[in-house]
Amino acid sequence: MLDCIFCKIIKNQIPSSKIYEDEELLAFHDIHPIARVHFMIIPKVHLDSLDRCTVVHQSLLGKMLLLASKLAKEQGLENGFRTMINTGHGGGQEVFHLHVHVFGGDALIPRT
Ligand code: 5GP
Ligand code: ZN
């Protein structure tokens with residue numbers, strides 16, 4: 001996707017603070033963190049959102065969640081962390097390349 005900012009990050013066309021990379025996934029710090037630690041995990045394949053995923057992406061989605069747990073600990077979130085996937089305009093999604101937010105390290109705002 002030419003105009004996708006996360007695809008540009010994958011291709012190193014714009015800088016990012018990367019913390020993990022393999023053939024399928026990339027993780028990097030959010031440019032506007034909402035907690036002391038806040039990073040995102042994205043697939044290297046462009047998928048607009050969770051709504052575009054099918055059973056074909058089942059393994060990829062599982063890998064994203066397992067990586068969230070692994071990286072959260074590596075980033076110092078031994079006491080726990082929050083994951084968030086915003087999906088669609090109604091879900092508050094701003095960047096339309098699937099991503100899992102992982103954040104924590106401060107007193108998080110209680111869910112309502
Ligand atoms: P969304 O609302 O789509 O779930 O979240 C998109 C996230 O991407 C936001 O938290 C925003 O701060 C982050 N973001 C947007 N542009 C960039 C960028 O160029 N670099 C990085 N590292 N994060 C970005
Ligand atoms: Zn993309």
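Every residue gets a Cβ built from N, Cα and C, even glycine.
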Of 42-46, 57-61, 77-81, 97-101, the range TrEMBL labels motif 'Histidine triad motif':
97-101
Segment confidence, the motif 'Histidine triad motif' (97-101), expressed as mean pLDDT:
98
Per-state residue totals over the motif 'Histidine triad motif' (97-101) - DSSP helix, strand, coil:
0 helix, 2 strand, 3 coil
